[in-house]
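Notes for the one structure printed next.
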Amino acid sequence: MSHVQYKFPQTYLVLLCCSLVLINLLHPVWSFEPAIAWQVFWHLQVPQVLTALIVGSALSASAAILQVLLRNPLADPGMIGISSGASLMAAVLLLSSLSQWSYVTYLLPFACFTGALGSTWLMFHLARKLAFTPVAVILAGIALSTISSAIVAWLYLYASPNQLRDLTFWLMGSLQHTDIWLLLVAGVILVPCALVLRGLLPQLNRLYLGPQQASLLGVNVRQTTQVALLVCAVMVGLSVAIAGAIAFIGLLVPHIVRQLIGHDNRKVVPVAALVGGILLLCIVTFNTFSGAIALPVSLLTATIGGPFFIYILFHRQHHLAGVRQ
């Protein structure tokens, strides 16, 4: 029965994803002249669709894994400082003289990726000083995130109006500032990351039993945690590098998926990746057909996700109350 329940949502999610991809890719065909349609298709629609799929999948899968590793349902890439490190490097670059350089489009993703890995290295270093427990990882990440946010706030004070606008828009996320070559590089890096995580999923299931029981079942808890955290950092760093800081995806999507199919990470992580890609594709579709200015992604994800997350929390509390009675 559980097998059928898993196949049912997955099949329809794949169909929904394919439909959204086709709608967005074919939009310029019936909206513009042939010569313009090809330019819009290749330089705007294809990068947007690929960015939505890559970023949504990477953020959602990473958050689902982090919530298991840290044994915290509220864990997401922002909590352990990965996103904030990338955002700090982006702020430094956008507010420096290098922002006028013609190759800043390629320099910015590299700077963000470097910031994400740098903050992850600092988090590892601090957490190891505290025995590398989940609480230590969370506290180290919160400390780094707070410091990075404070530095960005100070940089805001010295930004010009144009720099302030660019930085604010970037920090709220955008799916329109990438090209196909950056996405190809991101895809080449993400494929081995996905393969590594796939091999770790059975071990992550055993972590539900606690570190001691997992160790008795043959899991090297420390090594598994470190490898998974590093791979998540790479995936999140790439996501922030190509799309900016996108909030709420990692917090919302894993909760929805676990409500639908349970807690088996062999199912949760791939389905969460699929749902995350679909959610960002929905945002691309909204921006494509709304006819208005492209809205920041985090603005839309927070507007949609906040109320829905509150509904999930109250629904879960009501369910638990019914079980106790």
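Including glycine, each Cβ sits where the backbone N, Cα and C put it.
Feature annotation from TrEMBL assigns transmembrane segment to 12-30 (among others).
Per TrEMBL, transmembrane segment is recorded for 50-70 (among others). Same-chain residues lying 6+ beyond the ends of the transmembrane segment (50-70) with a Cβ under 8 Å from its Cβ atoms: 17, 21, 76-77, 79-80, 134, 137-138, 175, 178, 180, 183, 186-187, 190, 194, 197, 200, 204, 207-208, 225, 228-229, 232, 235-236, 238-239, 242-243, 246, 249-251, 253-254, 257, 265, 268-270, 272-281, 283-284.
Look at TrEMBL and you will find 77-97 (among others) tagged as transmembrane segment. Same-chain residues lying 6+ beyond the ends of the transmembrane segment (77-97) with a Cβ under 8 Å from its Cβ atoms: 59, 62-63, 66, 70, 104, 107-108, 111-120, 122-123, 137-138, 140-145, 148-149, 151-152, 155, 158-159, 163, 166-167, 170-171, 229, 232-233, 236-237, 240-241, 244-245, 247, 250.
Feature annotation from TrEMBL assigns transmembrane segment to 103-124 (among others).
The transmembrane segment annotation in TrEMBL covers 136-160 (among others). Through the fold, the transmembrane segment (136-160) approaches residues 69-70, 72, 75, 78-85, 87-88, 91-92, 95, 119, 122-123, 126-127, 129-130, 167, 171, 229 of its own chain, all at least 6 residues removed from its boundaries and within a Cβ separation under 8 Å.
According to TrEMBL, the transmembrane segment annotation covers 180-201 (among others).
With a cut-off of 8 Å between Cβ atoms, the residues of this chain six or more beyond the transmembrane segment (227-256) that come close are 51, 54-56, 58-67, 69, 73-74, 76-78, 80, 82-83, 86-87, 90, 108-110, 112-113, 115-117, 120, 124, 137, 170-175, 177-178, 182-183, 186, 189-190, 193, 196-197, 200, 204, 268, 272, 275-276, 279-280, 297-298, 301-302, 305-306, 308-309, 312. Here TrEMBL flags 227-256 (among others) as transmembrane segment.
Among the features that TrEMBL reports, transmembrane segment is placed at 268-286 (among others). Residues 6, 9-10, 13-14, 16-17, 20-21, 23-24, 48-49, 51-61, 63-65, 175, 197, 201, 246, 249, 253-254, 256-258, 260-262, 295, 297, 300-301 of the same chain, all 6+ positions outside the transmembrane segment (268-286), place their C-beta atoms under 8 angstroms from a C-beta of that stretch.
Sequence annotations record features per position, and here TrEMBL assigns transmembrane segment to 293-314 (among others).
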